[in-house]
Structures are given as structure tokens and as C-alpha cells.
Amino acid sequence: MQLIDEIIVPCCLLGLLAALAQFLVIRGIKLTPDGKDSLSTGLTAGGSEQAAKLVPEIYEKIMTGAVQFLKVEYAICTAFCLAFAVLISALVSWGTKSPLQGHLTAGAFLTGAFTSMLCGFLGMMVATYSNARTTLACAYSGYTLGFNTAFRGGSVMGYALCSLGVLILWALLSFYRTIYPDADDWEILFDCAAGYGLGGSTVAMFGRVGGGIYTKAADVGADLVGKVVAGLDEDDPNNPATIADNVGDNVGDIAGMGADLFGSFAESTCAALVIAAAAVEGSHNTLADAGWNAMLFPLAISAAGIVICILCGFVATNISPVRDEPDIERVLKVQMVLTAILMLPVIYYMAIVLLPAEFRLEGVRLTEDGHPAKITGSPFKCFICATMGCVGGLIIGLVTEYFTSHTYVPTRELASACKFGTAVNIIQGLALGYKSCIVPVFVLSSAIYVSFQLCDLYGIALAALGMLATLACGLTIDGFGPISDNAGGIAEMALFGPEVRRRTDALDAAGNTTAAIGKGFAIGSAALVSLALYGAFVVRLRVKTGVNILEPVTFAFLIIGCMVPYWFAALTMKSVGKAAGEMVAEVKRQFSVKDSQGKTLLDGSTELKPDSLTCIQISTQASLVEMVAPACLVILSPLLAGTFFGVQAVFGLLTGSLGSSVQLAISMSNSGGAWDNCKKFIKNGFSDDPELRYTKNPKTAEEVKAAPKAKEAHDAAVQGDTVGDPFKDTSGPALNIVMKLQAIVSLVFAAYFAAINHGHGFLGQAAL
């Protein structure tokens, strides 16, 4: 066993053991609070034995709905992936004139796809398992146990997903190495392994889009009829769409996000490997010459990051735990900062140990005489590149928190705008999202510039891996959000007292911010990953003249590429609107049904029960039908461009799509996150302004006087949040997959594109 194997395997096994240990702790909280099985002999203030007895029933409905949806979605994904694997095998075999290479690429694709499905399913199951236990933990013990339960639920997903992703990729590369043992053949080996990233992103596309449409159809429908029309509380048990809404949080934000970030890790690693393995003309001092340890340096970064995140997790749950409401965001922020800081010396140590003192890389920049530049890399340069990504990801996360958390000025200003109506709220929310793009774009641009100057395209790939080095922590705090959201919903549906709901609402509000941070983190890493894959595509094609965007076909497709994210967003937003309309009609129908005494659900009928199953079926059917068109747009656009117009058209398509997607994704995600927290800021009474503290049953003279204005502000905030829901949970976060998936499709099919009319496609004329 080589040194690199001795690093990767133990780190991954430790990650799996840590995930199991955290799960066993969560399992200690029983759903039956009978004194003997629970963590406490009684419920704290605000709880009730009657409410606690409803929790298992609600939990079972959410779990059943989530499992049924994923089974159907993954059945569709499996059928698509098997068919697409046949296409990959055929086209790659034809392009490379090697059936073996085609078969191995298709095998890597299926491995990545099924790994992504496994990670998404495990994450969803653990999150759903944790939500009701978080509710009961808040009822039994307060903030500390409630926070720790939700945090541990997220960490199970984070540790397991990262460990499985790295371990399976390592096993795949080790197997392929037995087929291509010579260093001269490793370029082919890593070309085949690129299919692993394609498989991960293909499943992520279905998970993000399908799950996003599902959850927002239920959420928007429940909000519009339940809160705005009927005046019900969020997650009121009489609202039949609330179960579907809670199911959607798990299948969209958990399974979708897990598959998304798994795809980012897989693709950035594959990009780094393809670039590192590229042969350098006239030089033998390459990373391939340095051996297997140097080649797998990118995997070592990811594996070591798992251990760092495990150690930092103890800080949140044991060393400096949450004791009261203000501690929640502080503890989560400490996790982000601490993991990033501790990761830096680890990356430096890995670079010194695994990389040669000096190595050569084939650059895509041109020298003055028009030849590709020869780049000289070193461990320190690689460390700086990875550091730019790691620190850049931290900055993007903190900026996202600033713009979306109600602790800071932007969201509080947005809440004040609600006093003037829905239109002003939406206008300011859009402006907030656009403004929030500024710092992340400068951060990404700086990381790209510095990394490219130091190590060319390999440096950009390392920057992407540096940003993803703390992926286990990122997934933990991102999973914390939906688990807390579900916990609040269960507390409301089980009719717990106000103190329990206040605790779950505080976790939920912080969870909204962490979810926004996770989305910002995913978008930033996707931009670097996409650029790294783009570079690997150029390197793979052996383009010696660089990419000239002023080539007519390149510039024409650049404009088309800029349009693709808007086309994609239009499809997904329309799908949510259509499905939400069906949900609204169904909820209104159920609210209009009368029992034998002439009472409806809203009148407190004891005979009628909310039919949540029908609402779940509406969301499921709508999401599974509507996710096909956006996925086909993203996968087929580079295939059609390369097949008919050649590689120069693909260059333009990727350039335009990357530049356009970053801005649109950040602005949509942050606008939606701010609208959501703005609503909670008003609903939960966090404001000092009486006109921004919504009280359903005002009692004091001050509350009675301010009630009409507060009601108007609350309704405006709810409607703004309804607009923001598909922004932040469907279209916005799915755009990072648009960037990555187009780029990885291009890389995998590079040889096929090059083989058609010398790279100019069926409609081209000149030779490359």
C-alpha cells in the first residue's frame, strides 16, 4: 500500500465511523416519551404529553412520503443513467477508437451516479429520522439538546457522504490502475475516471430540480392558501399541504444538496487529475513522473478535510455548545471559520509530503511566439492555490450570512420595507440579491487570477478542491437547516406549547441562514469547478492556439450560453408555478368541504381530517414530469453544439453559461433567503418596532394599536417569501449544476467532438 492509500483509506473509514457514532447518539432519543425510553422524565415548559404522542404519527407520514418520492425519482434516474451510459460507451468508443475506454468511462459514470443516489438516500433518511427527535429534544431539554440533535443529523450526512465519495473514487482509480499500470497511460485512465463526476452531476440535476419543484409546489401552495387566505399559522395541522411541505424539505434540500455537493467534489477531483496527467511536450518532470502519490494529491485534501471537520464538530456539540438562542448562529459561524483555519496547515503538510519539489504542467496560456507556456509548479504554489479556494469559500459563506440573516442590516431593512406593502418588499429583495453578488464575484475572480498565475488550470482545480476541503462541515450546517425546519413544522402540527415552538423557530431561523450559506458555498465551488472542467476540456483537446472568443461561432455560442441559465430558470420557475396552482386548488377544495354539521376544517370540524396524501401525490407527479425538460436542456446543449458546430461552439457555450449562471444563482438564492428570514423576523417578534411584531391575538394596548400595520407587514413578508421560495430552493441552487454538468459533459465527450470533422462538427468545414 502506497503512502497516499495510507492517508485516504483511514480518513474515510474514520469518517464512516464518526457518522455511525453520531447516528447512534440521535437514536438515543426515542419517539415515545414514556419516561423510561426518553432522555428526560418529563417535558419542559411548553410541552405536553398529548402533543408528544402526535409526533410519531406525523414523523411516519413525512418519512413515508419522502421514501416514496425518492424511490420513484431514483427509478427514473436509474433508467436514464443506464440509457445514457450506453450512449457514453458508444460515442467515447467511436471518438477514441478504443471500446475499452468507452466501456470504462461508462462504468465510471454509473459508479458516480449510483454513489450519488446512495449518498442522497442516506442523507434524506438520516435527516428525516432526526427531525422529530429534534422537536422532542427541544421539548425535553431545551436549546442545547435540540441544536445538538439537528447538528448531529446534518453531520451524519456530511461525514458519510464525503467518506463514501472519496473512498469509492479511490477504489475506482485503484481498479483502473490495474488496467493502465504505466504512468504513460494514466492520461487515458483519468479521462475514463471523468465519467465518475458526470454520473454524480447527472443525478444531482434530477435531485435538485425534481426535489426543488416538489418542495416549493407544496410550500407555495400551503403559504398562499393557509397563511395569506385562511390566516393559519405556518405548518398548521389543519392545512393539508403541510406534510408535503415537510417532505419536500428532505427530498429537495437534503437529497438534492447532498448530490449537488458530491458532484462538485467528484468533478473538481476529476478535473485536477485530467489536467495533472496531461503530457507536457519536451519535459519529463511531470506529476505523472513523480508517481501515484503525487497524482492523488487532490483526493488527499478531501480525505484530510473529513478528519478536520470531525474534530471541529466536537467544538459545537461538546466543548462550546449552544446554551441559549443567541448562541445558535455563533456556534455555526465558529464551525465555518475553525474548519477553514485548521485546514490550511493540513493542506500545506499534504503538499510537502506528496508533491515533488518541482514539476512541469502544460499551460493553456500562450507565450509571445505563440506556443503553450510551460508552467513550473511546486508544493508551496499548490498550497496557495488551495488556500485561495478555502479562504474564498469562507468569505462567500460569511457574506451570504450577512445578506440573509435577520441579525444583520440587509434583512432588517427588508422587514421594514414590508410596512409599505408587498411590491416594495419584492423590489428591495431583488436589489438585495443583486447587491449580494458583488463580494462573492470579486472573491472568485481573485481566486481564479492568483491560482491561474501560479499553476495555470491545475491551480484553479486545486482552488476548487480547497473550497470543498471542508465539505463535511458545509454539508453539516446545510443539513441542519431542513432538519430544524421540519422540527418546527412537527412542533406546530403536534400542537406543542409556545415555548417549544419558540425553540424550534430559533433553530429554523438559523437553519435558513445556514441553508443560504450552503447554497452560496455550493455556487462558489461550482464556478471554480466549472472553470477547472472547462480547462480540462481544452487540455484534453490539445488546443494549441488558445480559445479566441472573437471567433464567429465561439462568440455566437457565448451569447447562447449566457441565455441558457435564464431558459433553465424559466422552465423551473414555471414548473413550480404550475404545480403550486394545482396545490392551491386542492387545498381550497379541502377547506370548502363541509361535514354533517356544516363545519369545515377551518371551523374546527372533528369529522374531517386533512388529506395530506393527495397533496403529496400532486407534488410528486408534478416534480417528476417537470424535471425532464430542464435536465435535457443542460445535458443536450453541449452535446448538440459539439456534434453540429464543433469544439469552438462548445467553448463559447461554456464561457457564456459560466459567467451568466454565477450572477443569477447568487442573486436568486440570496434574495430568497433574505425574504424567508424577513418573514420569520416579523412572525417571531424579533423586531423592536411594534408594527413589525406580528401577534395573532394582541393583548396589550400597544399590540392592539400596532396590530393592523403588523398584519399588513406580515402578509407582505409572507408573499415575498412565496416569491422567494422557488428562487432559493429550486432555480437558484440548481443553476450551479447547469455550470458543472455542461462542463463535465463536454469533457467526457471531448474525444467524440474532436473526431467529427477534425473538431468542427457536422456543419463545420475547416480543420482544427
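Glycine too: its Cβ is placed from the backbone N, Cα and C atoms.
Here is what TrEMBL records for this protein:
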type: TRANSMEM; residues: 7-29; note: transmembrane segment
type: TRANSMEM; residues: 72-92; note: transmembrane segment
type: TRANSMEM; residues: 104-127; note: transmembrane segment
type: TRANSMEM; residues: 156-176; note: transmembrane segment
type: TRANSMEM; residues: 292-316; note: transmembrane segment
type: TRANSMEM; residues: 336-359; note: transmembrane segment
type: TRANSMEM; residues: 380-403; note: transmembrane segment
type: TRANSMEM; residues: 423-450; note: transmembrane segment
type: TRANSMEM; residues: 457-477; note: transmembrane segment
type: TRANSMEM; residues: 516-537; note: transmembrane segment
type: TRANSMEM; residues: 549-568; note: transmembrane segment
type: TRANSMEM; residues: 628-654; note: transmembrane segment
Long-range neighbours of the transmembrane segment (292-316), counting only residues six or more past its ends (CB under 8 A): 2-4, 7-8, 11-12, 14-15, 18, 22, 148, 151, 155, 158-159, 162-163, 165-166, 169-170, 173, 177, 186, 265, 268-269, 272-273, 276-277, 322, 331-332, 334-335, 338-339, 342-343, 346-347, 350-351, 354-356, 359, 382, 386, 461-462, 465-466, 468-473, 476
Chain residues in Cβ proximity to the transmembrane segment (457-477) (below 8 Å; excluding those fewer than six residues from its ends, i.e. six or more beyond): 15, 123, 151, 154-155, 157-159, 161-162, 257-258, 261, 264-265, 268-269, 271-272, 275-276, 298, 301-302, 304-306, 308-310, 312-313, 332, 335-336, 339-340, 343, 347, 361, 363-364, 375, 377, 381-382, 385-390, 392-393, 397, 447-448, 450-451, 514, 517-518, 521-522, 524-525, 528-529, 531-532, 535-536, 538-539
Contact yes or no, the transmembrane segment (516-537) and the transmembrane segment (156-176), 3+ Cβ pairs under 8 Å, gap 6+: no
Beyond the flanks of the transmembrane segment (336-359) by 6 or more, those residues with Cβ under 8 Å of it: 3-4, 7, 285-287, 289-290, 293-294, 296-297, 300-301, 304-305, 308-309, 311-312, 315, 376-380, 382-383, 386-387, 390-391, 393-394, 397-398, 466, 469-470, 473, 477, 517
